[in-house]
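Visitor: TrEMBL lists 12-36, 56-77, 89-106, 112-133, 142-160, 213-232, 261-281, 287-308, 315-336, 342-363 with the feature transmembrane segment.
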Amino acid sequence: MKYKIAQLLNKAVTKIILAIILGFIVGAIVLAFAGYNPFDCYSMMVTSIFSSPLNIVQVMILTMPNILTGLSVAFAFKTGLFNIGAEGQYLVGAMAAVIIGSKLNLPPGINIIVIMIVAILAAGLYGAFAGLLKAKFGIHEVITTIMLNWIALYFNNYLISVPGIGIKNTQYSVAINHNAWTNLLVNWKETPHGQAFLASHQTLSTILLATDINYGIIIAIAVAILIWFVLYKTTFGYQVRAVGLNKDAAEFAGIGVKKNIIMTMFIAGGLAGLAGALQMAGSLPHALVTLAASPGYGFNGITVALMANSSPVGCIFTALLLSGLQFGGSTIQMNLGAPSEVVNIMIGVIVFFVAVASMFTMISEKMKKRRVKNGH
């Protein structure tokens, strides 16, 4: 019985679930000390999401970029790289999408595919540059990706001042062409038949007209499954994981470590860039905006990847959890006056305990190896 419990506790999923529970417990303690009833706050967070289809849709819209940036960070983790640059790569993908999407006027289905490919390539090359510096010169990817984040942010703001891209005397760029939008039934709902139908179906009308509901979430889930397949069912994925586990052993086995580092960062960058492209195509204003600070999706991706223990499929669920917590946090502040920052505390605690669990696993493995080496 004890052995089975030990086996269960040693599973990655169990550790993540326990970390989430501990995060909620710490959040409850913080709320109680601040003078708020934790049960009322948590109940409000849950009911606010499921109280209307509109709120569920809003959480889904938040989830899409979090899945893709989470995949970006998780994929890099598999090679032992810490891609803090998902934020900058997201912005590069968004910029590429707007530049191409505002100029192209291809048929709807083809237009968005071209935009996504260009965004993936642009952001992928941006990520690969950090990988190249790591592989060739040993410059740590954390340093380079932080710097590249700032470059992307300021270049975004610069683009808005460029004639033909930025709209004069505004903080916006030109928008992506209407036929590249990924919003659900984007053309139909503007037809007389669509308007007549929506007029008699209030709930559907609210969802389609009052939200940015789009099929980006479906693409994000499909990409997560694809990344899982690449990592665990292909030779390239095996090489990526081998490099992440032990670079020296991988090199001794004939695996090109430097090539894999560059390719991994290219794919990681492309995933974050895809998030930027889909966000531009699926959400208002479908354009770049002058930024005082980064939008935060790339940094959300770090949280998503850590909570998922770098599992591609796990990123779907942790992105959904993160988006739900962020949405719920805003509602408890509006309705109960409770500080929304408690959500950030909960997320921080969850990430902390996931990291601690991983650290203890590493220590345990080292102790086992030492005992075997000493003949015990």
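Glycine is treated like the rest: Cβ placed from N, Cα and C.
Any TrEMBL annotation is an automated prediction that lacks curation.
For each feature listed, report its degree of burial, its nearest neighbours and the pertinent distances within the displayed model.
Guide: Sequence-distant contacts of the transmembrane segment (12-36) (same chain, six or more residues past either end, CB-CB distance under 8 Å): 42, 307-309, 311, 314, 318, 321, 336-339, 342-343, 345-347, 349-354, 357-358.
Taking Cβ pairs closer than 8 Å, the transmembrane segment (56-77) reaches residues 49-50, 83, 86-87, 89-90, 127, 141, 207, 211-214, 216-217, 219-221, 223-224, 227, 231, 240, 244, 264-265, 267-269, 271-272, 274-276, 278-279, 282-283, 297-298, 300-306, 308, 310-312, 315-316, 318-320, 322-324, 326-327 in its own chain, all 6 or more past its ends.
When Cβ-Cβ distances below 8 Å are used as the criterion, the transmembrane segment (112-133) is approached by residues 72, 81, 83, 85, 88-90, 92-97, 100-101, 104, 106, 139, 141, 144-145, 148, 152, 176, 180, 182, 261-274, 276-278, 281 of the same chain, each at least six residues removed from its ends.
Only residues 6 or more beyond the boundaries of the transmembrane segment (287-308), in the same chain, are considered here, and those with a CB under 8 A from a CB of the stretch are 16, 19-20, 65-74, 77, 84-91, 94-95, 98, 149, 153, 156-157, 159-160, 165, 171-176, 272, 275-276, 279-280, 314-315, 317-319, 321-322, 347, 350-351, 354-355.
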Visitor: Pairs 6 or more apart in sequence, C-beta under 8 angstroms, 3 or more of them: is that satisfied by the transmembrane segment (261-281) and the transmembrane segment (213-232)?
Guide: yes
Visitor: Quick test of the contact rule: Cβ under 8 Å, at least six residues beyond the ends. What residues does that give for the transmembrane segment (315-336)?
Guide: 16, 20, 36, 40-41, 44-46, 48-49, 55, 58-60, 62-63, 66-67, 70-71, 74, 220-221, 224, 300, 303-305, 307-308, 342-344, 346-347
Visitor: The transmembrane segment (142-160): which same-chain residues, six or more beyond its ends, come within Cβ distance under 8 Å?
Guide: 82-85, 87-89, 91-92, 94-95, 99, 126-127, 129-130, 133-134, 166-167, 171-173, 288-291, 293-294, 298
